[in-house]
Amino acid sequence: MQVLQGAEARAALTRTFSQIPVPDAVLSRIEQTFGERLTPEQVVERILLDVRARGDDALRDWTERLDGPRPAELEVPAAELEAAQVAPELHAAIRLAAERVRAFYRQQPAHGFLEHGPDGALGQLVRPLGRVGVYVPGGLAPLISTLMHTAVPAQVAGVPDIVVTTPPGKDGQVHPAILVAARELGLSRVFKVGGAQAIAALAYGTASVPAVDKIAGPGNLFVVIAKRLVYGQTGIESLPGPTETLVVADDSASPRYVAADLLAQAEHNGAEPVLVSVSRELLLAVQAELNEQLENLPEPNRSWARDSVGARMKVVLADSLDEALDLANLYAPEHLCLLTRDPWSLLGQVRRAGGVFVGEASMEALGDYVAGPSHVMPTGGTARFMSPVNVRDFQNIISVVGVNEETLRRIGPAAATLARAEGLEAHARAVESRLK
């Protein structure tokens, strides 16, 4: 285990904001699928253009080519949605998670204001978006939590129309847990479409899939590229990349808990776990725990986690907790876990993070599911300037200007002066026409 310190640690935790590396396996699959060497961007551009031109037919073709059987119908029938069942324990967990996420976001201030005073009326109107598309990744398992952690804030924001897209399984069907979660949230439109083709459908619309005002939800490299390319045609909430967790720990932390929290994220494909501690003894103890816990993980989780730990994990020895928090802010992690003797005393020093998990009872894995805040958080250092999914992501703010004539006469001449300074004579004359 290489332990970084000082300038070496700062250099390792400074983001370069380079493109996400493309694994050789992805490039090989692209060549097998398309019969030529293409970049992921070229693949996505081809899919977007095709869906925009051919609509539902293109969706069926790409789904058959990339995901499995050709879908006869793109939308999950209402009867299938109503009939979906899961084990009672899972259904109860879905219900609890939805309730807690909804309760959390109902506390977020999301109202406008309109002040009537001597100047007239000035204010802001807050209006929900008309239609939102929620993308739920498929892949190896149904990401039930992503649906709840994305759709519920949109519902609390007042969005009247929410549609869901998710890749079908190899049997051509949407996993029943996704359908149960959608039903629990009162969502009635779920489409069996994934990948870049789903993003294209939500952005441009097809005969079956309605175009939306904003697309929300994480996805693989192709989904992220597609969201970036359709931005402007529709809105996007973020461009989430591989997950990351930075743990700040002192000598009071349990090596078992620290290792468990690091591995909880390391089992995600491409994850980057980071440990910053003021105790060399803890670092050594965590290394031993990581080895033991890795061996006890089932496959394929063990291989995924071992890859993340071996290829991307960073271990830092800080001189003080102040330095540890400074390094955390430099890194701007998606998840920041504080496992120290007095974690609440450090909260005031946190300036850049998607989410902060305070104390050993508040493990990040809890936040992934039932704590309350959305787990869709900024990655890749974008927590410097972006926020987790929240109610404001699904609302418009409209400025209201309603000054009276007395105020116009007082401030209008200044407006005309500024307009002429900018070379905009018609602006100045529009103001002066009301002053005569």
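Each residue, glycine too, has its Cβ placed from N, Cα and C.
Listed in Swiss-Prot:
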BINDING   TYR135, GLN197, ASN220  NAD(+) binding site
BINDING   THR243, GLN265, HIS268, HIS335, ASP368, GLU422, HIS427  substrate binding site
BINDING   GLN265, HIS268, ASP368, HIS427  Zn(2+) binding site
ACT_SITE  GLU334  active site, proton acceptor
ACT_SITE  HIS335  active site, proton acceptor
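Sequence features annotated in Swiss-Prot and their locations in the structure.
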residue	record	Cβ contacts under 8 Å, 6 or more apart
TYR135	NAD(+) binding site	THR165, THR166, ALA198, ILE199, LEU202, ILE215, ALA216, GLY217, PRO218, GLY219, VAL223
GLN197	NAD(+) binding site	ILE47, VAL51, ALA58, LEU59, TRP62, THR63, LEU66
THR243	substrate binding site	GLN265, HIS268, GLY270, ALA271, GLU272, GLU334, HIS335, THR379
ASP368	substrate binding site	SER145, HIS375
GLU422	substrate binding site	none
HIS427	substrate binding site	ALA415, ALA416, ALA419
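A Cβ within 8 Å of the Cβ centre of TYR135, GLN197, ASN220, the residues given for NAD(+), is found for these other residues of the same chain: PRO137, THR165, PRO167, GLY194, GLY195, ALA196, ALA198, ILE199, GLY219, PHE222, VAL223, ALA226. Annotation note: THR243 (substrate binding site) sits in a coil segment as assigned by DSSP. DSSP assigns HIS268 (substrate binding site) to coil in the three-state reduction, outside any helix or strand. In the structure shown, the C-beta of GLN265 has more C-beta neighbours within 10 angstroms than that of any other entry among the binding-site residues ASN220, GLN265. Considering only the binding-site residues HIS268, HIS335, the Cβ with the fewest other Cβ atoms within 10 Å is that of HIS268. Within 10 Å of the C-beta of GLU334 (active site, proton acceptor) there are 29 other C-beta atoms, taking all protein chains into account. Spanning the listed substrate site, residues THR243, GLN265, HIS268, HIS335, ASP368, GLU422, HIS427 have a farthest Cα to Cα distance of 56 Å. Under the DSSP three-state reduction, ASP368 (substrate binding site) is assigned to coil, being neither helix nor strand.
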